[in-house]
Amino acid sequence: MSGKSLLLKVILLGDGGVGKSSLMNRYVTNKFDSQAFHTIGVEFLNRDLEVDGRFVTLQIWDTAGQERFKSLRTPFYRGADCCLLTFSVDDRQSFENLGNWQKEFIYYADVKDPDHFPFVVLGNKVDKEDRQVTTEEAQAWCMENGNYPYLETSAKDDTNVTVAFEEAVRQVLAVEEQLEHCMLGHTIDLNSGSKASSSCC
């Protein structure tokens, strides 16, 4: 186990009011503010953690969900290692907009291989009683759009918040491991000048 910390940039994306700032603040500071205002532009917080023996510094970027802040938030997508697509289970429109957020991120982050980029989907505010999106609907969307992990969270009562960010780290590490395996597999036989066979990628 290496003592060197890996810096990972994670972006929280979703409609305004779904609780992105609250999730970030709950995870980093373990506080919840029911009177929190909408984010203007972007803000970020760091947290150090250890996941499966790897030391990681998670740089969590919270973005403004309103359309009028699009030009402020999109430059910060570049360099992201993972994207947490977030909706509120009591707001059906925020769920239906997930595909738009996914496309916006892929375009502005200039993702080269969208099929293998680590997205995690969060259904937030599960503490609310008047839910408009079922667990099954959300899971089906994840399966259809990239087989993404789906977690239901609540920043208010701290349901699955830590689990969600740790899952983001695991997804990034899994992709990195796969890439390393691919690179090792694509070796060149110097005698023949041809690439050795590889079952990867």
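Here the Cβ of each residue, glycine as well, is placed from N, Cα and C on the backbone.
The GTP binding site annotation in Swiss-Prot covers 18-22, 33-34, Ala36, 38-39, Gly65, 124-125, 155-156, and the record cites similarity to another entry as its basis.
The 10 Å shell around the Cβ of Asp62 (Mg(2+) binding site) contains 25 further Cβ atoms across the protein chains shown. The DSSP secondary structure for Asp62 (Mg(2+) binding site) is strand. According to Swiss-Prot, the Mg(2+) binding site annotation covers Ser21, Thr39, Asp62.
For Ser34, the entry in Swiss-Prot reads phosphoserine. The Cβ of Ser34 (GTP binding site) lies under 8 Å from the Cβ of Lys156, each of these being in the same chain and 6 or more residues away along the sequence.
Annotation source Swiss-Prot lists motif 'Switch 2' at 64-78, citing similarity to another entry.
According to Swiss-Prot, the feature S-geranylgeranyl cysteine maps to Cys200 (among others), an assignment based on similarity to another entry.
According to Swiss-Prot, the feature S-geranylgeranyl cysteine maps to Cys201 (among others).
A 10 Å radius around the C-alpha of Asp62 (Mg(2+) binding site) takes in these binding-site residues out of Val18, Lys20, Lys125, in sequence order: Lys20. With a 10 A radius on its CB, Lys156 (GTP binding site) counts 17 other CB atoms from all the protein chains.
Here the Cα atom of Lys125 (GTP binding site) is found 12 Å from that of Ser21 (Mg(2+) binding site).
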